[in-house]
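Just below is one structure, and these are the notes that go with it.
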Amino acid sequence: MNRLQVELPGLSLKNPIIPASGCFGFGREYAQFYDLSVLGSIMIKATTEQPRYGNPTPRVAETPGGMLNAIGLQNPGLDKVMNSELPWLEQFDLPIIANVAGSQAEDYVAVAKEISKAPNVHALELNISCPNVKTGGIAFGTNPEIAADLTKRVKEVSEVPVYVKLSPNVANIVEIAKAIETAGADGLTMINTLLGMRLDLKTAKPILANRTGGLSGPAIKPVAIRMVHEVSQAVNIPIIGMGGIETAEDVIEFFYAGASAVAVGTANFIDPFVCPTIIEELPALLDELGFDHISECQGRSWKQTCHSR
């Protein structure tokens, strides 16, 4: 028995560890360090219909417990991803999750329709929560009706299950999650980065050229845990949890909150081996905690509460 096997819509994962979109590129750099086939899946970098060069520099800044980024969805565009990046990834035993982005609804639909045809793309991640672009991105993810409409339109053209990436920069994330579920989403990924800023002590001006950026890393983990905990009790579709994961213990905490798999982001920049290390350490941690299979951890924090009432 594979104690780490996870079954999700469109995704049969040998383990629940997935490098997060935007922190792993298309895997080429990390393939120099280890065989990517050990991973559960890869969420590839956000893909738009046309190439994007991203925001002006500087667009990354360190913060205590994390980092700010304002990359701006830099990517080579749909044609290059379809004809170069995805074919290259076929050498690995991996179901790919393609992250889809755009400036308007029609862009999302066009990219989703084409990229979902790729033989190794088993699911889409609808990026409606990027805080670092002026159009699209987070504009779609802060309004339940708009988020639901976009989800429905993408579902109509996609040949694979659709997961929607939620923004934490909202007043009521549960309301948005439920609207997206009603619109037909197959799953959720959460959370994207928190909007933040740093100022230069000498100039008193923002360090990032974009002024603001997305905060990621361990600093946001408690927020992510709280939101996964809330949303998982309100919806009946699976959640891929993310936000500050660095260790096997972090993974179990997300599972306890209600996640069915996890994505590791910023930690990949610090330690390129973080994902295989977590995968290697999980079985011993399950033994220590008394679990036969990782699925036994899912939702344990609130399911225990329900059973005790």
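Glycine too: its Cβ is placed from the backbone N, Cα and C atoms.
Pulled from Swiss-Prot, these are the features on record:
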ACT_SITE  Cys130  active site, nucleophile
BINDING   Ser21, Lys45, Ala46, Asn99, Asn127, Lys165, Ile191, Gly217, Gly243, Gly244, Gly265, Thr266  FMN binding site
BINDING   Lys45, Asn69, Ala70, Ile71, Gly72, Leu73, Asn127, Asn192, Thr193  substrate binding site
List, in sequence order, the same-chain residues at least six positions removed whose CB sits under 8 Å from that of Gly265 (FMN binding site)? Pro19, Ala20, Gly22, Cys23, Ser216, Met242, Gly243, Ile245
Does DSSP put Lys45 (substrate binding site) in a helix, in a strand, or in coil? coil
Taking DSSP as the reference, which of helix, strand or coil describes Ser21 (FMN binding site)? coil
Quick tally, other C-beta within 10 angstroms, Gly72, Gly243; top of the binding-site residues is Gly243
From binding-site residues Ala70, Gly72, Thr193, the one whose Cα lies nearest Ala46 (FMN binding site): Gly72
Spatially closest candidate among Ser21, Asn127, Ile191, the listed binding-site residues, to Lys45 (substrate binding site) (Cα to Cα): Ser21
Cβ-Cβ neighbours of Ala46 (FMN binding site) (radius 10 Å): 26
Could you give the Cα-Cα distance between Asn127 (FMN binding site) and Gly72 (substrate binding site), in whole Å? 12
Could you tally the C-beta atoms, other than its own, that fall within 10 angstroms of the C-beta of Asn127 (FMN binding site)? 29
Taking 10 A as the limit, how many CB atoms besides its own sit near the CB of Ile191 (FMN binding site)? 28
